[in-house]
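Per TrEMBL, domain 'RNA polymerase sigma-70 region 2' is recorded for 36-102. Summarising the annotation, TrEMBL assigns domain 'RNA polymerase sigma-70 region 4' to 166-209.
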Amino acid sequence: MINKTLNYKRDPNLNNEELIKEAKLTNNKELRDKIINNNIPFVKSLADRWYKRGVREEFDDLLGMGMVALMKAYNTYDTNKNIKFTSYLGKVVWKEFMAHSRYKSMKCRSKFSSISFNETLHKSKGTDEEKLLAEVISNDSHLDYLTVEDEMFNTHLVKQMDALLAKKERVVADKYFFEGKSISEIGVELGVSRQAAHQAFQRTIKRLKPIYTNWEVV
């Protein structure tokens, strides 16, 4: 289970852009995993910031969304565009949180949330993660592309879910990805414990991981 005790340390000297280009050109899975693991602390920072805003989400659920978004960001990142990977990753994760919040009918607009988030950053201590977070909200130039890509990916995801998932796993995936339900809510609806729901979710993610890591916009 993904949780707050994950102890990955970010190497600030790692060049995401160059390594992603190399990993994709050579199909190097070890290098891909190195990049993903190096960016987990940033994803945790995003999840932690969102959690501290008092949202009605458990941290594990937010981190689960963030990890899925991290795999998706790696896979869809265009190395030919003049955009830092951390900026792109932050937008993908942030957009995932916002989409989930809209579904849950939270009374906050994207603009207001960005402003609140920005104000929180100015009160922070200025760590490496905080500086990266500040970059995330600095410009939205690639969000239009991301929206179009989301629609294409979701169509592809549905087809692959039909092919790869068992019946129970498909139910979990539908509720999590398309209905915006939390792990706890899924457990209640399925009549199982939160731990059992988490285990089903982890099996689902494991089966779907190749989709996120091999998806390309064509």
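Placed from the backbone N, Cα and C atoms, the Cβ positions cover glycine too.
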With DSSP as the yardstick, break the domain 'RNA polymerase sigma-70 region 4' (166-209) down into helix, strand and coil residue counts.
36 helix, 0 strand, 8 coil
What mean pLDDT does the predicted model reach across the domain 'RNA polymerase sigma-70 region 2' (36-102)?
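Averaged over the domain 'RNA polymerase sigma-70 region 2' (36-102), per-residue pLDDT gives 83.
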Kindly report the helix/strand/coil residue split of the domain 'RNA polymerase sigma-70 region 2' (36-102) according to DSSP, in that order.
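With helix first, then strand, then coil, the domain 'RNA polymerase sigma-70 region 2' (36-102) has 53 helix, 0 strand, 14 coil.
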